[in-house]
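Enquirer: Please see the structure below; I have some questions.
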Amino acid sequence: GNHTLLTEFVLSGLSSHPELQHLLFFTFCLVYTMTVIGNLLICMVTVHPTLYTSMYFFLRVLSFLDVSTASTVVPKMLVSFLTEDRSISYMGCVTQLYCVIFLGATEWYLLAAMAYDRYVAICNPLRYTVIMNARVCLSLVLLSCCSGNVVSVVQTAWVFTLPFCGHRKINHFFCDIPPLMLLSCTDTSLYEKQIITATVLVIFTPFCLILVSYACIISSILKISSAESRHKAFSTCSSHLIVVTLHCASGTLTYLPNSSNSQDTKKVLALIYTIIIPMLNPLIYSLRNKEVREVL
């Protein structure tokens, strides 16, 4: 019955060494600033009339999700570096976990929609504007959000039905499923199975759809006679593939329950998909995209 009296958790953070706290604060403050500025620039640039296509609409939504993901995790972490107050309320932990899962799952489904968009643009260029009209694009985004919300509600509800007994220290820098499960004093094998199911639905299913899309895309690109056109098509798709690969590697290694990675390793992996990737996305999509650079 101890879990019914639990009102807050304590986050261990990235490091317990006092001499590193200020260095970590300035480092992640800089990273967060770059993330916000970079993604807001992408949001502003992609509303330009010359970039008013479905690809840039999806990119704008992706930038919004990246800023939201970083904002869910980083501010609390920055405060803990300066004040050493690493406590987080029970409801604060519930909210943070819900937001991280919702934003992460929505982004995966959005990446699959972006791969389909590239498939249509390259394999059916003459019908591109007809197939990927504004209604279809908005529907894909709403479907991604609804799917992410369902996954997040179910995962968050399941985790917080676990009885948390004993200590309340979460060995992480934000509330996440694996470290929360370690606080439970009951058998979590059933929960581990449902996490595997969720990982398949959220990561592997969109990843397989993305692979199928790019198999068709590569097949079509190889048939293009112009070397310049082939290079442009590969350049456009490679940016998306870089982001997908980073997401897949870090997310899979973090959430597979039987992974041999230590908790410290999982912290580093979590840094990649919650902080590093949101910072890199504007660089990947803008520096590798001539149209975005010109408008910027």
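A Cβ is built for glycine as well, from the same backbone N, Cα and C atoms used for every other residue.
Reproduced below are the annotations present in TrEMBL:
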DOMAIN    38-285  domain 'G-protein coupled receptors family 1 profile'
TRANSMEM  20-45  transmembrane segment
TRANSMEM  57-75  transmembrane segment
TRANSMEM  95-116  transmembrane segment
TRANSMEM  136-160  transmembrane segment
TRANSMEM  195-222  transmembrane segment
TRANSMEM  234-256  transmembrane segment
TRANSMEM  268-287  transmembrane segment
Enquirer: Where among 20-45, 95-116, 136-160 do we find the most Cβ pairs under 8 Å to the transmembrane segment (234-256)?
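Expert: Looking at each of 20-45, 95-116, 136-160 in turn, the most contacts to the transmembrane segment (234-256) are made by 95-116.
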Enquirer: Across the domain 'G-protein coupled receptors family 1 profile' (38-285), what does the mean pLDDT come to, as a whole number?
Expert: 86
